[in-house]
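Colleague: According to TrEMBL, the record shows the following:
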type    : residues : note
REGION  : 1-33     : region 'Disordered'
MOD_RES : Lys213   : N6-(pyridoxal phosphate)lysine
Amino acid sequence: MTTQKNRPMGPMTTAIHAGEAPDPATGASAPPLHMSSTFVTDQVAGFSAHDLEGGDNGFLYARWDNPTVAMLEKKIAALQSTEACLCTASGMAAATAIFLTFLSAGDHVIVSDVSYAGVAELARETLPRFGVEVSAVNMSDLTAVAAAIRPNTRLIHTESPVNPIGRLTDLAAVSAFARAAGALHSSDATFASPLGMDTVALGVDLTMHSITKYIGGHGDAVGGAVAGRADLVARMRAEASIHHGGILSPFNAWLISRGAATLPLRMKAHQQGAQTVAEWLETHPQVTKVIYPGLASHPQADLAATQMRNTSGMISFQVGDAATGQRIAQQMIDRLQIVHYAVSLGHHRSLIFWMETAGLMDTSFHLKGDQLEAYRAYAGDGVFRLSVGLEEAPDVIADLDLALS
Ligand SMILES: *Cc1c(COP(=O)(O)O)cnc(C)c1O
């Protein structure tokens, strides 16, 4: 966002004001919630995705677009410095929007061999049923990425940092591979949030978020987003919203906009809290390894320093073998008073969950040989995925200490 004199606005000003304006009908300063599925129109006919104008040319039907959802789309596009954004019913609907818009039978896609489990399963189990060839590659190994490219590669889908182990991908390098191959580069930046990386500068074509996580930030609404060039987003809107129908409800868009308005402030606090907790975990006798991009001990600390402008609030740590992990997980369930033992992440409340390597391999990743070894180098027999919330770090530390002893 820029001011009247073309001066670039700061991230907080952008987060608060992008997409919003006082309501012209009432003067309301806070954004209205338009719970309307249809809109009175002066277009005599036209009821196909191919006739779509919508948006600034007038709204038609909420599966095309809705003013409250459009407000959030503008806000996220501004935060991610892209031309446009499509919001979806969930992060998974955002991944589906990317895959089913830009891939057809006979195409090849390269996905990260470690990713959010739902995305891993969607790529490995669903896409092949529709004739799409899928390669799952360790995206931190650029030689492996280059070797996986085929003449029919249309899309490279990365995730950085990867859920749940915090491994990073050199996004600029992968963007260069994709460009040379005539493929698109989509990247799931949920762990980093829009504040974490300037994905546009890193050459990413489509930046995906589960807005259930940091962008919403309060654990009360599920949603997804894909931000990128206007022409790519328009194609996704026609396929994913209008035809597949996985739209974000206006109510969720309104809640998530309210969260997004404080995102830069929250990300600073998440980073600060996570740094303190990660440094404390490194000194705890029960903890055998801590992975956090803000630690000098992160195996890709140099890449973290050049690529990430905020290292976010996601920590993974180990406590020994799988049996020890399970015992500590049970102690967490029994003893934690502040940190919730629950899946999800990026909320104002701290959340923790035990992710055992063997189980994830069976259900989601199916890694063998070198790829399994590379996973285990980060995760051992399993990790605690800790999403450090906005509570004071000493309180989070005292709570974790109860469960680790
Ligand atoms: C949670 C998550 C998703 C899926 O998002 P939902 O909103 O739960 O559908 C995708 N990618 C990452 C990295 C996630 O953490």
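Cβ coordinates are placed from backbone N, Cα and C, and glycine is handled just like the others.
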Colleague: Under a criterion of Cβ-Cβ distance under 8 Å and sequence separation of at least 6, what residues of the same chain contact Lys213 (N6-(pyridoxal phosphate)lysine)?
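Modeller: In sequence order, Gly91, Thr190, Phe191, Ser193, Ser344, Leu345, Gly346, His347 meet the Cβ cut-off.
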Colleague: DSSP on the residue listed as 'N6-(pyridoxal phosphate)lysine', three-state: which is it?
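Modeller: Reduced to three states, the DSSP call for the residue listed as 'N6-(pyridoxal phosphate)lysine' is coil.
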Colleague: Give the residue counts of the region 'Disordered' (1-33) per reduced DSSP state, in the order helix, strand, coil.
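Modeller: Tallied per class, the region 'Disordered' (1-33) gives 7 helix, 2 strand, 24 coil.
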